[in-house]
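K.L.:
Sharing a structure, written as C-alpha cells. Questions coming.
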Amino acid sequence: MLRSCHLKYCYGILISLFIFCDTASGDLIRVDKNILEDANLITPNLIKKYGYPAETHKIQAKDGFVLTAHRIPKPGGQPVLLVHGLLDSSVAYVILGPERSLGFLLSDLGYDVWLLNTRGNRYSRKHRRYHRYQPQFWDFSFHELGMYDLPAAIDYILARSKGYEQIHYVGHSQGTTSFFVMGSEKPAYMKKIKLMQALAPVVFWDYLDSPIILTFVKYLRPLVFIAKSFGIYEFPPENEVWRSLIQKICSFVFQNTCTYFLMEAMGVDYAQFNSSLLPLFTGHASSGSSVKSLEHFGQQIHSGGFFKYNYYSTWENRRNHGADTPPQYNLTNVDCKVALYYSKNDRLTSDKDVVRLRNILPNVVLDYLFPDPLYNHINFIWGNDVKTVLNDRIIELMRKVDNGEV
C-alpha cells in the first residue's frame with residue numbers, strides 16, 4: 001500500500017509537470033514545424049516520409065521476448081543489421097534524414113537495411129509470458145541482448161535473405177557491447193558476420209573519467225536498491241511520460257540547460273551539435289531500458305575487465321555462473337572482421353580502453369581514432385558532419401569487404 005502511494009505521488013508530479021510544460025511551451029521557443037513533425041513520428045513513418053519503403057517485423061527471441069525490427073527493404077540486396085545504443089532505438093540510423101543518416105545512405109547503395117530494436121525499448125515491449133509491469137520482464141542487461149536478441153535477429157534476417165550466408169553489422173555503444181557478448185558466448189555466429197563495425201565501442205571502462213557517470217557509480221548499489229524498493233525496474237520509469245516531458249522541457253523551456261548537461265555527459269563539442277535539432281533528438285531519445293542494464297554497465301567501471309553480471313551473492317553467482325564471482329567474457333572468440341571507430345573526447349568510452357580491446361580482438365581490420373580532438377559519443381549518430389567523417393568511411397570499408405579487398 002505504501003509503495004503504491006509513493007508511485008501515485010510520483011506520477012502525480014509527472015503529470016503536473018507535463019501539463020505545466022504543455023501550457024508554457026506555447027509562447028517560449030519557436031521550433032520548426034518540420035522538426036517537430038519528425039520528432040513525433042515513429043521510425044517506419046519517418047522512413048516513409050522521406051520516400052523510402054518501410055516494413056515492421058516481429059522477431060521471437062528464444063527466452064520469450066518479441067523484438068521489433070524496422071526494415072528499409074531492398075530485395076536481393078546484401079543485408080546489413082544496424083543496432084542502436086542504450087536508451088536509443090531504430091530511429092538512430094535515420095534520424096538525420098536521407099542526406100546524412102547511415103540507414104538511408106546504405107539503402108541508396110542497394111543494401112537491404114534492418115534496424116533492430118533491442119528488448120525493453122519503446123518498440124520492443126512484448127514477452128510471451130511476462131507483462132511490462134512485472135519485474136521479470138525487466139530482468140535483463142546487455143548480456144541477454146547478446147545471448148538472445150542479436151542471434152534471433154541474425155537468424156531471422158538470413159532466413160529472409162536468399163543467397164546470403166552473412167550480414168554486415170554496425171553497432172553504436174551498447175550495440176557493440178551486446179555484439180561482443182554474442183561473439184564471446186556464441187562464437188559460431190561469427191561465421192554469419194561479414195564485417196562488424198563498432199562505433200564508440202563500450203567494453204572496458206577502466207579509464208572512464210566522466211564526473212556524472214563516476215558519481216552515479218559511487219552510489220550505484222543504494223540507488224538500485226531504492227529503485228527496486230519502489231517497484232521501479234524500468235529506466236526511466238513510465239518511459240513514455242518521461243520522454244514527452246523531457247522533450248517539452250528541453251525544446252521549449254530549458255534548451256541551453258539540456259544541451260549543457262548532454263555535453264557534460266557525452267563530451268563537450270558544440271561545433272558538431274545542432275541545437276536547433278534538440279526537439280528532434282529529445283523526441284526520440286530515452287527510448288527505455290532496464291535498471292539492471294544500467295547496473296551491469298556500472299559494474300564494469302574500473303573493474304579491470306569485461307564481466308558478466310554480479311549478483312552480489314555467492315549463492316546467486318554460483319547458480320548463474322558456476323563460480324563465486326562473475327567470469328569475464330572471452331573476447332578472443334570474436335574472430336570475425338572488426339572495425340573500431342573511437343575518439344578522445346568520448347566520456348562514455350576512453351580511447352585507452354578501446355586500444356586495449358583492439359589488442360585482444362584477433363581480427364581487427366580497421367582501427368580508426370578520430371583526428372578531431374573534440375569528437376564525442378553522440379557525434380557518431382547526431383554529428384553535423386557524420387556523413388563525411390564517419391558514414392562515408394563505413395560505406396567504403398563495406399565496399400572493400402564486399403569486393404574481397406579486405
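Any Cβ shown, glycine's included, is placed from N, Cα and C.
On a predicted model such as this, the values are computed, not experimentally measured, just so you know.
So TrEMBL says this about it:
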SIGNAL    1-26  signal peptide
DOMAIN    79-221  domain 'AB hydrolase-1'
ACT_SITE  SER173  active site, nucleophile
ACT_SITE  ASP346  active site, charge relay system
ACT_SITE  HIS377  active site, charge relay system
K.L.:
List the Cα distance (Å, whole number) between the residue listed as 'active site, nucleophile' and HIS377 (active site, charge relay system).
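P.N.:
Just about 8 Å between their Cα atoms.
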K.L.:
For HIS377 (active site, charge relay system), list the number of other Cβ atoms lying within 10 Å of its Cβ atom.
P.N.:
26
K.L.:
Including all protein chains displayed, how many Cβ atoms other than that of ASP346 (active site, charge relay system) lie within 10 Å of its Cβ?
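P.N.:
For ASP346 (active site, charge relay system), the 10 Å Cβ neighbour count is 27.
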K.L.:
Including all protein chains shown, what's the count of other C-beta atoms within 10 A of the C-beta of SER173 (active site, nucleophile)?
P.N.:
28
K.L.:
Using DSSP, what's the helix, strand and coil tally for the domain 'AB hydrolase-1' (79-221)?
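P.N.:
Secondary-structure composition of the domain 'AB hydrolase-1' (79-221): 61 helix, 27 strand, 55 coil.
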K.L.:
What does the structure give for the C-alpha distance between ASP346 (active site, charge relay system) and HIS377 (active site, charge relay system)? Integer Å is fine.
P.N.:
5
